[in-house]
Every structure is written in C-alpha cells, then in structure tokens.
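K.L.:
One structure is given below, represented as structure tokens, and several questions about it will come after.
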C-alpha cells in the first residue's frame, strides 16, 4: 500500500569483506532519508511512493554482492503498489426476449486483481444461483429471462487499494412470441484464446441460445480426456480449470446441442500455459591459460521462450571482437587476465527469471613471448590493406605462429576475423575488406606454452571504388504522358564510397535510340515528361563515385497509360521491403489524387532474368502482401495496379533485391538453429494455431520468423503461403476446411536465416455440410419395404460421418411425427420397413458430421398401394416425388442406361444363337434315329404311350427339345427327394384358336415338382402326337429359377437381384387345380400309368407338365412345323 514501509532482504555468503549494492531496473539505487540500506544489506523504504516517472518506487529490484573474487547479482524482485484503475469495459444496456439469455461484461485493471460483484437496482446479486452466474473475469450471465429481471445493473470492483463502481446499464425484457418458435442452437459468446500463468485459473466462457434450450458440453480437439480433478463447469456451461499445468494446454471445444436431436454448433479456443524459465543446462566454472578459449553454455526452457543474458561481475556482457554470444553460449577468445571473473547466466521471460553462475580462472604462463612490436598498416586498394610488424623483443625464437585479428572500426558488436600465419614472415595482406571503410588491426604471437599479449591496435581505411551495383528503380505514371522515376540511395556496402552522380537512360521498346540524363548524386527521383501514351518504355540507371561509373542496371519496362476520359484508378504508392533473404514485403496505398473506385489489385513479380508470371488477384481492402519462396541475392521486378469495372488502372513498377542468407563476411559464423518444439492445433475449419520455441541463443537484435504453409501435395509453388511475425505464435487464417496442411518455420536475425524447422502436419476441422445429399431416390421393393438411396452432398472438402433419414406417412407428417433412421457416412442406402398399405410416405435425408448437421433434401413422396394381393409385383407401386427420381415404382432410365441394357441384351442373344447353332450341328447325325423314334411313338395310342416308352429304351437316346417360350414359368422348389430333373419345353408357336391343347398323362408321386406347359399342335394323320422320352439319374441338386425385380438388402447399404421368389406361381396354381392321383410303376420300366389324370391348367399359358420318377422316361410330341434342337440326354437304365 502507498505510504507503507517496505524491506527488501538480501543475504550474501562468501569471503569477507562483502559489499552489497542495490539496483532498480538495472540502475544503482540512490540512497536518501526515505530509501537506504540496512546494516545486514537489506533495502529499507520508509514510505512507498507511487508517483509517475522515475520517482515511483515500483520496479524490479536486485542486490549486487561483491568481494575480491568478483561480483554476483541476485534474482529480481518486483515491487508493485496496490492500485485500481478506471474500467476498461463497462456494462451496456440491452433488450432481450422472455426466456432467452442476457450477458453483461465488466473489466478493470487492478493490483492485486480485484473481486467483481454485481448489483441489481442497487441491491447485491448472489454470485451463483440456478439462473445467475458471475464469472471471476467480471461477466454476469442470466438464463431463462423473466420479466422481473428487467432493471438496472452495475458492477463493483474491489481490492485492498480501493473500490470502484461502473455505470448502470438497463435490461429490458420483451414478451416472447406465442407459441415459441423453434430455433437451432447458436453460441452467442464462445471461448476466447487465452494465455494463463502456471498454477493460475483459466476460464472459458460459453453461452448459447436456442429453442428448446441447448445443452452445453466440452471436449478437447486432440480427443484427450479433460482433467476432471481440476476442471469443473461453472453456471450453465462455462469451463473453469484450477491450478493449471502444462498438460492443460490445448484447444477446447464448446458444443451446444438441441436436446433429443443431432442439431449442434461448436466454438473452440486455445489455452496457452505460460511457465517461468527453468534451466536445463548450467554453465560450469573453467580454468584456462592466457590466450586460450573459454566456452560457457546455458540453456533454459519456459513459455514464452526465455531470453538469455550474460553478466560479468554483475555487469552485462556485450559482444566484441573476442567475446561472442550465440546459440546460448558465451565464447571468450584470446583470454586475457581481465577475463578472470564470475560469469552469470540469466534466463528471463515475462513470467520470471532464473540465474546461474560460473567462474573463469585465467592461468598465467611464465615464459610466454612479449607482444609483436611496431605494427603498421598501408592501404593497397579498395579491398586490401598490407599489415606489417616486428618480432617480439623477448623469446622471439620460440614463436611458432602469428595470428592477425581485424574488424570494422565503426559500430558496435562488429564481428572479429582472425587469420593464422607461419613464423617465417611478419607481413600479411588482408584482401577481403569492404571499400571506403575504417578497420582496426592487432597481432598476437604464439609459442607452445601459450600466447603473447595483444599488440597495439592500428587503424587504416580502404580506398573508394566504383559502385558495386546500380540503384533499384521505382516507376509510376502521374498522367498518360509522364513517368515518375525514383530510387533509394545505395548502402555503403554497395556504393563503395560517396556517390557523385547518376546517369538515367530511357527509350521506347520499339526504338533503339537511347536518351540519357545525368543527375547529381544527391537526387533520388526524376520526372520524365512529354512521353507517348500507351507505350512501353525501357529505363535503366547507373551510379558513379570519384573513381568512376559502376555497373548499369538491367532495363526495367513500364507502360504509360492510355489517353481516355474513363476514370481508372491511379497508380498505388508501392513500397518493397526485404524481410529476409527469401521474403519481400509489399506495402501500398492509393494515391491521394485517386478518385476512381477500386475493385481489387493485380500484383506481378518475377526474377529479373525471367519472364513475367500470371498476376495475383488481391482484394480491394488489402494493402500488404508477403512474397515468399524467393532466391537469395536475386533481383526481382514487382508491378502493382488497381482495377475497377472500367478497366485496369495506372501501374507502379519497382525492382528489389533479396539479401544473402549468409554473407561472405559471415561465412565462418554458423547459421542460427531453427525454431523447435513446434506445437500445432486446429482452431476451426479455416484456422490453425501455431506455437514454437525460440532456439537457445542470445542476441540483442530483433528476431522475426517466417511461417510456410501449403496443402499437402501442392504442385503450384506460387500458392505456398509465407507469413511473417516477430512473435512465437501465429494463428493462420483463411484455410480450406477438412484439408491437410504442412507447416515449417524459420527464424531470421542480422541477415542470417536458420534452416526450416521439421515439417509438421495438421488438418483443418471440417465444416458442417451446407448442402443436402443429392439424387435422393425411393423405390418400393416389397409390399411393405422401400429402398432409399442418395449421393454425397455436391460440395468439396466436407466430411460426412452419418446420414439422417426422416420418413413419415401423410397423417404422421401432418402431426409432425417423423420416424428417424441413421446410417454411417460411407453408406448411401437404407431400407424403410413395415410400411402400411394405402399410405403416402414422405422421405428426406440430411448429412452430418462432428461440426454440425446439414440441411435436409427436398421431400420425396412414396405411394404404397392398398391392395398388393392381386398377384402383380408389389414393386410396381406408384410413387410421386417433389424431386422425383422414379414414377410408377420404376426408375427412369437415362440414355446411357438404355444403351447399356440394349448392348447387354444383344450380346446375350448372340451367345444363345451361337450355342443353339453348335447344338444343332452336333445333333444332325442323330436326327434320323430320333425322328424314327418319334414316328413310332406317334403311331401308338395315348394309353400305350407308356409301354412304348418302356419298350423303346435305347442307350444314348437323343431327343429334340424346342426352345423355351418367354411365357413359360417353371416352379423350382425342391422336392422331398433329391433328384436331378430334366425338363422339355415347348417353343413359342403362334397361337391358334383351333389348336389343340394336349396334356400328357404323367406319373406323379407326392413331393415331386409339378410343372405345366402349353403346346399347340396341328396334328395330321401321318404325324401323330407323342412324348419323347427323357431320363435322369439321382443327384444331390436343387433346381432354382431367378427372375428380376425382387431385391434383398442389408445394413451394408448394398442390395442384390440374385434371389427371387416365384413360389406364388406354383402355390397359386395348386390351390386352384384338382389334385393329381397317379400310381408309381414301382419297377425299372418306364411305363406311364394309363390311369393318370388329365388336368388342364387354369392359369393362362401354363399347363401341368409330367412329373417323372428316378428311372422313368417321358415322351414329348414334336411339332413338325417347329424347328427343333437336339439334346443328348442320359440313357435310361
């Protein structure tokens, strides 16, 4: 509290005397009557002040303890004065309907954090009731709004410093419509991405509305279980995690579901757990000889990644020629006695800091040589300096080598370079220097026992040279007849001296005559006037120093605008900035003189030596674009123009060069390591959250990162997305749903770029379907069963986990009572069973996934006939549909289907004809004997036919079998005894009203299959009617007959035409015909019983056929007017 006394303790142990000093924010604390040090080293502040500026006592305090061996710093302690500021968010008035939800928010900054309570009409509200919830973050939630809830609300923030009251906000409750309308669930306030310190509490708010009231549930995107021991639900769906730990980090999803349905919506957020630094590798004390090398290592982890700082005897270490800091290491070259000290490594992030210490002891050698003398430096050229020196005065004969050290004299943290040469010379030319630069040099002599002291430093500068490169041009047109040319001054590394003049050359692309202008070295722009409109001009520039002209730039093209009264956009003001060696940031803004509307931008870029690529289409709201995936040390030409409905506007052209990833000067410095510990999670269907760790190295320079993102398997490199950030996390947006992406990250520091990190993969969450299933069809396959089929929704990148089928009769539909079926997302068929005759059914289908339900398809009607027992196929039921896929129970066949069926039938007929032709040819040799047998059978009476069949048994007998008529049906039910049956079929002769219908007497036994056939013959005296004998042998087989139309289906979503029941034919016939009474011969003869009843079939085109026993042969009359086929049948035994 303000005006209170504070004591900051500090205890140091070591060899006396120990001197203790205090630092505040890194600066020594000035003692006075109010702030002074106690005898034990503690710091006492009698009255804490909270005034603004340096006079406030708030800040970070450290004590520095020192003795003869060195000095060390303590941990940092933060002194904060209790306070409470004004509200940053205050409640606002709202109006809600009765039965819905209301929410007020309140936020304030306070130390320590304040407790927020709420008042209703100046009366305190409870923190939690059945309908009211007050979150620790200051949010008030009211569910199930009632009229009595209307009134004024305000929040009160309280801590030890003070209390503040917010403004009042009114709540108006309006009557709800009667009856209440159903509403899909909608999340009005979802969870937000938050960062929470270790062991603190995390609150994820989720508030939803809908009718009926939705149910809220929580889950993790990585499918891990939520820690039930430290997690609880606060109020009506808010998730609070207490004592948060690293394993609690991740993406959490709030799901609002309508009770009893699959209707839901999802909102997600990421929790980042912040952790203070902790050391994983500590520096160790070292003993090194003079002129040796010492390396200290210090690595720490934490979230965010800690920053490493090195201290020497309590003072911050800075990089110089001998001392370098990189990759979390401190390296000291050419150790001198002054390097003997205590070194501390401090790892710090916003959550805290940690310190570790080590000592460097420098050992002195007794017989080391003295330093080289009389060092001299002479300039040889713009890049070379000759260095000379004299040998050491003492122990010069023991010198085995010299090392020459040099670095730039201007600036801080310059890199020192070292060259080792033999002891046979005292002269050396350093020839890789930059022109027009000052350098400093020194020399060290080496002997087996150690190195000498450094020689005196000498300074020398290199000469000027011609510019290494020409400036990069930027071209725009202010009117159709001018070009504004501008360029940036060359950096010192490229100018190699002071630029004294520029020469600008230009010409049209169609002409070879070149115009030139010389401009003073101070100018950076020039306006070319009186040019031709709608003409391509080529321009280039060259710079000069006092030494001479440098290299000219390549020709840069620019087209002047057309002369037109139409208002097209003016050229944007384009700025290009190389972010690193492979990335350029393009920024632009419309010219203040532009008055035309803009519909978008077109951005062109290509390497200077390559052809122009297709443009990138950018939105009118865009004003930046990151061009990535470029090559280092290359020059690129960038063109930008705006366009509208009139046409393309004026263009802006500019050239820019990418930097080198590792310059020649830095070739001995290893590149920084890539980012590590890449964490990736999908936030939604269009965004992915990335977080990574910074490599363990220290640098005072700014670090930025490039994130590479592209779909897996992408072939077009121009579509790779490169994003820049200086943070260690990034939310990548505008991605495609349900698509797998690959990500890689690299860092950039001081023109150095790390390798890409290992590629990580992540798929975006799927979107809820927005279209219904397509091509929904319904057909009746049995008298009470229908088949529903559909296709996937016609939209890409949408996963379907299940389908919902709703169907109802007309009466149930009017009552709103639907029957529900669900099928997996891989199944696109379903059976509707137990349908009622005489009803019209409505069917519709929707697709769903884990993100939500899609819309239902249009309703399809299905009509179930009332009377399905009349004998016709129940599949012929009529159906009427809004999105009709069938009529009269049959699918409409399109042209392709009809073509396929026609081709299949033709192929089948050709096969049948070929088979018939082969059988006829093989039977010609036996035709005569078969005809003779036929004539003998025709001369006998019907009563003696059986005897003739018995007496006329022959081995290998041939019979002539006519083709099966299309209207003949065969009952294929197996009999009680297992037999192989051979049947004869009559051909389809022309029907004549005078034709005789002949039914042969047949031997019949119970359990055998009875078949009927109809044969119409015109009998003549010389061709009597008879049956030709056929025989069979017992065999384990079943006869079966198939017909199209009946379907069997299962849950697999597939149905088959293979199995068909035609039992109604035989059962229907047997129920209407008189029963047959026949006696079996019981012997081996083939006599048919004369007493066999003659039965005439009542069904059209069907007659009873002869039932045969195991050893009987039957005769079939042959019509001489019909073509017959000869079949070889088994002999009768």
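Every residue gets a Cβ built from N, Cα and C, even glycine.
Feature annotation from TrEMBL assigns domain 'Ig-like' to 1-80, 85-172, 185-272, 277-356. Taken from TrEMBL, the feature domain 'Fibronectin type-III' applies to 371-465, 467-563, 568-662, 674-767, 772-867. The transmembrane segment feature in TrEMBL is assigned to 901-921. Sequence annotations record features per position, and here TrEMBL assigns region 'Disordered' to 1024-1102. TrEMBL lists 1066-1081 with the feature compositional bias 'Low complexity'.
For each feature listed, report its degree of burial, its nearest neighbours and the pertinent distances within the displayed model.
P.N.:
For the domain 'Ig-like' (277-356), the model's pLDDT averages out at 87.
Break the domain 'Fibronectin type-III' (371-465) down by DSSP state and the numbers are 3 helix, 47 strand, 45 coil.
The residues of the domain 'Fibronectin type-III' (467-563), classed with DSSP into helix (H, G, I), strand (E, B) and coil, number 4 helix, 41 strand, 52 coil.
Per DSSP, the secondary structure of the domain 'Fibronectin type-III' (568-662) breaks down as 0 helix, 50 strand, 45 coil.
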K.L.:
Using a Cβ distance cut-off of under 8 Å, indicate which of 185-272, 277-356, 371-465, 467-563 has the most pairs with the domain 'Ig-like' (1-80).
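P.N.:
Out of the listed stretches, 277-356 contacts the domain 'Ig-like' (1-80) most.
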K.L.:
What does the DSSP secondary structure composition of the domain 'Ig-like' (1-80) look like, as residue counts for helix, strand and coil?
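P.N.:
Helix (H, G, I), strand (E, B), coil: 3 helix, 33 strand, 44 coil.
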K.L.:
Within the domain 'Ig-like' (185-272), how many residues are helix, strand or coil going by DSSP?
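P.N.:
For that range the per-state counts are 3 helix, 48 strand, 37 coil.
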K.L.:
For the domain 'Ig-like' (277-356), what does DSSP give as the number of helix, strand and coil residues?
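P.N.:
Residue counts in helix, strand and coil order: 3 helix, 48 strand, 29 coil.
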K.L.:
Assess whether the domain 'Fibronectin type-III' (772-867) lies in contact with the domain 'Ig-like' (277-356), where contact requires at least three Cβ pairs under 8 Å among residues 6 or more apart in sequence.
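P.N.:
Contact criterion not met.
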K.L.:
Between the domain 'Fibronectin type-III' (674-767) and the stretches 85-172, 185-272, 277-356, 371-465, work out which stretch tops the count of Cβ pairs under 8 Å.
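P.N.:
The stretch with the most close Cβ contacts to the domain 'Fibronectin type-III' (674-767) is 277-356.
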K.L.:
Pull the DSSP breakdown for the domain 'Fibronectin type-III' (772-867) and write it out as helix, strand, coil residue counts.
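P.N.:
Counts, helix then strand then coil: 5 helix, 53 strand, 38 coil.
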